[in-house]
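Report on the structure given below.
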Amino acid sequence: MNETLSKILGGKQGAIGLGILAALILVLLPLGLDPFRLGLVGKYLTYAFVAVSLVLLWGNGGILSLGQGIFFGLGGYAMAMFLKLEASDPVSTAIQSTPGIPDFMDWNQLTALPWFWEPFKSLPLTILAILIVPTLFAFLIGYAMFKRRVGGVYFAIITQAIALILSILIIGQQGYTGGVNGITDLKTLLGWDIRTDSAKYVLYYVNAALLIGCILLSRYVLSSKFGMLLLAMRDKEERVRFSGYDVSNFKIFIFCLSAMISAIGGAMFTLQVGFMSPTFIGIVPSIEMVIFAAVGGRMSLIGAVYGTLLVNAGKTMFSETYPELWLFLMGGLFIAVVMFFPNGLAGIYDKYAKKVPFLRKLSEESPKARKAETVLVETKEAGVKA
Amino acid sequence: MSKTNRRQFITKAGALMGAMLAAGIVSGSAYAADFATAKVNTTKLAVTDTTVKVGILHSSTGTMAISETGSIQAEKLAIAQINAMGGVLGRKIEVVQEDGASDWPTFAEKSKKLLEKDKVAAVFGCWTSASRKAVLPVFEKDNGLLFYPTFYEGLEQSKNVFYTGQEATQQILAGLDWIAKEKKAKTFYLIGSDYIWPRTSMKIARKHIEQHLGGKVVGEEYIALGDTQFGSVINKIKLKKPDVIYAAVVGGSNVAWFKQLNAAGLNSKKQNMLTISVTEDEVLGIGGENLEGFYSAMKYFQSLKNANNEKFVAEFKKMWGPKAVIGDVTQAAYLGPWLWKAAVERAGSFDVDKAVAALPGYEFKEAPEGYVKVDSNHHLESKLRVGKWLANGQAEVVYESDLIKPDPFPKGYQ
């Protein structure tokens, strides 16, 4: 294996873990589940983007954001605006006072499309918006916070406040945003009906491929020198700063990257579920997404995906079987995970994998948990050499 | 049923009874034999020779649970009563209940599950407009059938939905006419929670006040859902001294709204108020003493005096306890299963297309609210009542309109 490739895959063990995940979501689940259940898995996998982004940001960077819903929502809304404009052609909206604008604008006495909706008439601009708007927003927040050395609990609280503000703004401006109902009744993407079973399969695979792509990208970032610095920063921020690195720039970068990954998840959510609403932006969903990452193990990119799948499958199953009791069962699950497996699913794997000879051999080959100090020394030396 | 049919029915029923006795099964489904499953169910719904599955989809958890619980109870009561009468086309109704958890995406997911996995013949559910908007595309794509109980803003008419509550014009116009005449009101202050239903309702109310009543709107305010600070609004109201406050404040905000009004001295002796968002369910939380003397415009109050309603209230309390109260939406939810039964029996089929086609024109004379007729636009023709709240949490009906035709897309009010 050449070096870059091995870096991206995370060594032999990483490659096997990824291979198992890929086999599960690309082959086993599509074969074993009917279209309805597979659609649910597709929806859960869009949340996994956020969980992966939190592994980067929180697990490795030590920056806890309780507002990842902001970026998931921005990506989702950008996609929804494009689809809504396509669904609001003058013919199908002929009964409105002003045909050709989205229905909720008409209900709110708007008579023309607001200017900021105009770019969403074009798909390329929409895709750009999905990638750039959340990243730019993260940059602004990150710049304002990290340059002033705001971190830890304060940063978490501020992200939470921003999530709340944004959801209130969207609910309040219902003529422009669809308000509390969200943007609903999305039908086609460039004339292609996204509601059919075949479309669901295509979207599922696109989504799964993008997710694996994001995991590979994250692996690459984490395995680089930057990734080591990130770990060092998490454990001993002052030392990294005194070693001459500009810590705030690294933090801003990882925050922007996590925002972009979350936004891709949001856009895929809208495509698969067919609507977007402010319920995904507020505080509760943002915290839920942190729980997904925590259940999976906040250090493990792949664990985050399993964590998301497990929590959501539990939610669906419990609520189908016990409609009156399921919230208590979910609460019990979270308490059990935190009490008995503080490192989440990945922690369980690490603990018990060592007992299986084959797996132990693998894990010895790629020592994973290096202490921050050693990492720092190594990187510093690498920096000196370079 | 024609003569031949009846004779065939008796022969078939006899044969079936014999077969059943032989198999040791005793069941009341003899009538079902007249409607072979293959014939009444051509679209692969969950219909067997003895049962039919329907879905109930409301929030039993989350902020909306307090409002939606009444609807679940009413739907279960209606289904139990229908089953006691022998079911629908001889088939017992089985309920698949799902929790929307006050969360619109969950509603969409669960409706998809009910239609695609459980193949239910009809769904009784949703409460907020947002949840209905979230499930609507699912029902239209999977060709499901939804009975929606809440009074709502209108501006919608789907082939796959029957709206058993009132749309905005049915609830607003007659009530405003009444209070303008009764209280000689000229100035109105509009206040509502900030989402689609209050905003659309106020738009219609404003047009009606300005164009038909010759009145004036002296203020229009919207407060965020769940907000509990009414101080500044109450000060503005004190300054403007409107003849009538016209209110559509929903959920938990209601408690704060009425308590703060009272604390500011604006009780019903000094201020008229007509609300379109307070039913017996909300009064439980607000406390009757806090809104004694104010008015609500609804199509149903628990205190309605007619034989249908007295029977309904008695059976509701028998099933759900003597303390249960019944609000407007609860009654509308109760209509759902009965209307669906009528649709299926008029069509002689569980197929959604046939049932949908058969229902318009149907008159339901056993409705607790007295009488409703299903209009071709899938809404109900019904009466509007104005109730004056008493300290014990019940309303005294002081006005009853004629039957009002539903008009979800009102001309001149858009």
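Glycine residues also receive a Cβ, built from the backbone N, Cα and C atoms like all the rest.
Annotations in TrEMBL come from automatic prediction, not curation.
Feature annotation from TrEMBL assigns transmembrane segment to A:15-33 (among others). When Cβ-Cβ distances below 8 Å are used as the criterion, the transmembrane segment (A:15-33) is approached by residues 9, 41, 45, 201, 204-205, 208, 211-212, 215-216, 302, 305-306, 362 of the same chain, each at least six residues removed from its ends.
The transmembrane segment annotation in TrEMBL covers A:45-74 (among others). The list of residues near the transmembrane segment (A:45-74) in space but at least 6 beyond its ends in sequence, with Cβ under 8 angstroms from a Cβ of it, reads 25, 133-134, 137-138, 151-152, 155-157, 159-160, 162-163, 166-167, 170, 204, 207-208, 210-211, 214-215, 218, 221-222, 227, 230-231, 233-235, 237, 250-251, 254-255, 257-266, 268-269, 272, 276, 278, 280-283, 285-287, 289-290, 292-293, 296-301, 303-305, 307-309, 312.
Annotated transmembrane segment per TrEMBL: A:123-146 (among others), in sequence order.
Per TrEMBL, the feature transmembrane segment maps to A:153-172 (among others).
A Cβ distance under 8 Å defines the sequence-distant neighbours of the transmembrane segment (A:202-231), meaning residues of its chain 6+ beyond its ends; these are 4, 7-10, 14, 18, 21-22, 25-26, 30, 38-39, 41-42, 45-46, 48-49, 52, 55-56, 60-61, 194, 240, 245, 250, 253-254, 257, 261, 264-265, 268, 271-272, 301-302, 305, 370, 372, 375-376, 378-379, 382-383. Sequence annotations record features per position, and here TrEMBL assigns transmembrane segment to A:202-231 (among others).
Annotated transmembrane segment per TrEMBL: A:252-271 (among others), in sequence order.
Taken from TrEMBL, the feature transmembrane segment applies to A:291-313 (among others).
Counting same-chain residues at least six beyond the ends of the transmembrane segment (A:325-349), those with a Cβ under 8 angstroms from any Cβ of the stretch are 291, 293-300, 302-303, 306-307, 310-311, 314-315, 318-319. According to TrEMBL, the transmembrane segment annotation covers A:325-349 (among others).
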